[in-house]
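Reviewing the structure listed below.
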């Protein structure tokens, strides 16, 4: 494959589809640069004294890792001065982050999970960053949380970075899904996969099976049928994969198919799932759909959900289209 940089790809996309104006290109280049900085911090590990907890909790009530806070600060500081954003929101912050008055205000809203899978940090398992870009309302002067509450179908860009054996950046601007790999010697993002496609059928599924006793009947039925293998109703064997890092699980599914499930369960009836809609489920759903897959909450398309609050949680079923449609049909039939 000819070496195509991220910048070249964005410029050519604008020429072909007129969907990446200069401000949006700047935003994506800044986010990509911030991901390089995070990758460098992750790569240092104990040598950089960035492992362990920070003795604090985020808005979700989760104990923060040092790298959670570092990654959040990197993304905020990289993006607030460029003039391309109206405001930002993060998993690590209870309220939105306003652009300081000394900087010009742009026309986009950026949401992110700065370090997904951070429970894996100390054991050297792949983690990543997830981000979503929305358009701000015309003439916006003082952004509020309500301005972020747009359905996922309104996203103009979604992407994630995986910090693993290689550092990769996967994104969609609404015209397919592209993967860029960080050339560590040159410091540049180089396209390594174009128009990624998820196979419609699969023999792999990803779910935290330790919660099986709490699953609702549709999820239990679906997983039990897969576990029955060739002697069961599916008449084929399945393998289970679970990394406990959404970016790593989804990246595997993008490359070789599969279904990722994080359902609601009976432990906390008032909590509809664990994953956050705005900066986890929505961007991943946009990417998966653009790669030919499907993404639902068990009842409806994730991208059609109208958010009610910034840190809203949802059940998630995404990946190979036929499998997502099957488990969704079990939910609708209950």
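Cβ from N, Cα, C; glycine included.
Record check: Swiss-Prot places 113, 115 at the Mg(2+) 1 site, and the matching candidate among 91, 92, 145 is 91.
Listed by Swiss-Prot as binding Mg(2+) 2 are 113, 116; the candidate from 280, 289, 308 that the record includes in that site is 280. Annotated substrate-binding residues in Swiss-Prot are 116, 117, 118, 119, 208, and among 154, 271, 274 the one listed with them is 274.
Here the binding residues for substrate are 116, 117, 118, 119, 208, 274. Their largest Cα to Cα distance works out to 16 Å.
Sequence-distant contacts of residue 208 (substrate binding site), defined by Cβ-Cβ distance under 8 angstroms and a gap of at least six in the same chain, are 242, 244, 262. Just so you know, of the binding-site residues 113, 118, 119, the Cβ with the fewest other Cβ atoms around it within 10 Å is the one at 119.
Nearest by CA distance to residue 113 (Mg(2+) 1 binding site), out of the binding-site residues 119, 274, 280, is 280. Secondary structure at residue 280 (Mg(2+) 2 binding site), taken from DSSP and collapsed to helix, strand or coil, is helix.
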